[in-house]
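Undergrad: Just dropping this structure here.
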Amino acid sequence: MWPALLATFLLLSHFSAGSRIPESHLHKRSLQTRNLITDGSIKESYDFVIVGGGLAGLVLASRLSEDSNTTVLVLEAGLSGDEVATQINEPANTYYNSVVGTEYDWSYTTAKQSGLGDRTTSWPRGKVLGGSSAINGMYLTRPSEIEVNAWQSIASDGGNTANSWGWDAFYAAMKKTETFDAPSDDIAKEAGIQYDKSSHGTQGPIHWGYPGYTFPIVGSWTESLANIGIGTNDDAAGGQNWGGYIAGSSINTANWTRSYSRSGYIDPLPPRSNLDILPSATVTKIVFDTSNASNLTATEVQYASSAQDQAKSVKVKKEVLLAGGTIGSAQVLMISGVGPQDILQSAGVTVLNSLPGVGQHLQDHLSTGLVYETPESTSTAGAMRAAGGDFVNSALFLSYINSATAYVNLTGLLGPDGASSVISAAKQARDASVKNIPSQDSGVLDGYKAIYDVTTDKFFSSEVGQIELLLSITGGGIMIQAAIQHPLSQGHIYITSPSMFDKPVIDPGYLTHDVDVTIMREGLKMARRLGQAAPISGFLGKETSPGDGVNSDDEWNTWLKGAVGTEYHPTGSCAMLPKAQGGVVNAKLQVYGLANVRVADASVYPFEFSSHVGLRVLRPLFCNSPIAQLGAPTYALAEQAAALIRAHYNGVEETSISSSSNSSGSNGSNSSNGSNRSSSDATRRASSQLLYCLIAFIAGLVAL
């Protein structure tokens, strides 16, 4: 009797507190079936159809379905991920037992890159609920205030909606998404971790934490950087992200598991009859009412499980929300007749909305690294893993992931005179570099120039990082990586057929601008100087790649073009820019020329941030280096998108998360943070919670 009464009391107490996501967002795998559709039986229509159940898509699904009167469907091309839950949940499996290269990965490949000696490069992307947040390297870094405010400025359409993308609002949104888990005193001391709690959230769905195990070489990172002139940053999350530090990771320290969009925003939810999530459902087309040719209305979304499967359809009552990522969202638009006219016609797609910017402005971080032998005296995760033993299979050891980071600005990289010379060369090359842009549409070219000017005027001449340095100790060697952060090279994504099951052509245009080659080369030189600096030099053996045969600029240039690859942060294909500059979405994320379609994912960033915006995957070139993602900013982008959408349907001109909001966020399904819910909405939720409590109480009495 007493256990039943106690259970009833606890359940009532929990729901009377606001029906929030349960404590610590522990993996409650039994909850997942409440919203997951496994037999394909969905409703005929939904208010919102979300295309893509990845990082951003699941945030949107969770937030929009907080209103019980709003119906939401998520269509995800990949599987649920239940079969590989352990692989996904254990952080270090991103190195040792990754799902990259399996059916849970899109396994894209770029076109041959002239700047890389006509090489192709792999572009893994998560094809599973949670998207790339389920398979990435779990770095959590934030862009700088300078970059975010530049985004707001370039995206401004004259309305106050652009305020959603300024630093104050975006900073609050980033804090809302997270729960900060401080490292233990021992780990913080050994690894040299510094942080400012006031820059972090306390009740958000995604955990910002640190591994439960570390190594002395990690603790040498910031001191070694200081010895080559790169200062230590004690609050990299607060808007000034440059310098050296140990980054946070998306780790739930309560159980040492990956914290990602599914585990944070979906799995812990109480039952929601208004939310359905359908895996193995590739969206094949958005169908439009074309009666108003200048403002098409999406009426239904078609989807199929395979190219051989007959397409099914679901009706749209309010909006289609594209969250397929930089590749998927652009591809869906083009397949549906929205995009560059010449590309659509060549692919056999009827042009419904000629929008030249779709698939254009493609940018990506590019990286490679110097590899060193691991001396017997140096302890690394890779060496311990190779040696075997019980401990390397423990949750504590498997919580270790790489996180030593630095962002170096142009002056720190080249010195004042060198930085001035590069900036001058970049500005002089601006107009001539336009010839390297794949589109010759005047608007797209104007957008390229606008992005170019922001990069040279606001980023190159400021403290903003142009090179990222990373330490990797999880492979067969030790690697110090360098990655360019604001490339002047741009490419594009385009379709060659009307089928979503045919992969698009991905041409990022790597290193087609000479300044990119210069910055990449100098970043690698700095990585070498770092490897020669104390105290980290005492942990390193011989440099095995590129080795002592690469010293001159020409030797570096030749080597790096054969060694660099993606850092897995593509963006820009659905850029938030004015339409006259090849933009695809406005500041409200609405696609130009479409009445009820928005894009809410990393594809809308008009330029790269000095941050991990999404995915960082395993690269087996020299040693294990996981994929990354534009994670922290993209969680915030999705939160802002949900707030804008809800405000729109509540009849409010603009409401987004702001600095005046409770920016610690909410770990629950009923947070009022930035959502501008009406009092009637709150009343409905309270009523439904009361009903649930009553049912629970009756169940407790029956159990007696």
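The first residue you see is number 1, and the count goes up from there.
Glycine too: its Cβ is placed from the backbone N, Cα and C atoms.
From TrEMBL, here are the annotated features:
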SIGNAL    1-18  signal peptide
BINDING   V128, V283  FAD binding site
DOMAIN    487-613  domain 'Glucose-methanol-choline oxidoreductase C-terminal'
REGION    656-681  region 'Disordered'
Undergrad: Enter the number of other CB atoms within 10 angstroms of the CB of V128 (FAD binding site).
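TA: V128 (FAD binding site): 29 neighbouring Cβ atoms within 10 Å.
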Undergrad: In sequence order, which residues at least six apart in the same chain have a CB under 8 Å from the CB of V283 (FAD binding site)?
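TA: Long-range Cβ contacts: V51, G52, L75, A77, V301, Q302, Y303, G324, V332, M500.
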Undergrad: I'd like to know the mean pLDDT over the domain 'Glucose-methanol-choline oxidoreductase C-terminal' (487-613).
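TA: Summing pLDDT over the domain 'Glucose-methanol-choline oxidoreductase C-terminal' (487-613) and dividing by its length gives 98.
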Undergrad: Please list the DSSP helix, strand and coil residue counts for the domain 'Glucose-methanol-choline oxidoreductase C-terminal' (487-613).
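TA: Taking the domain 'Glucose-methanol-choline oxidoreductase C-terminal' (487-613) as a whole: 39 helix, 22 strand, 66 coil.
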Undergrad: Kindly assign V128 (FAD binding site) to one of the three DSSP-derived states: helix, strand or coil.
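TA: Assignment for V128 (FAD binding site) reads strand.
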Undergrad: Give the three-state DSSP assignment (helix, strand or coil) for V283 (FAD binding site).
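TA: V283 (FAD binding site) sits in a strand per DSSP.
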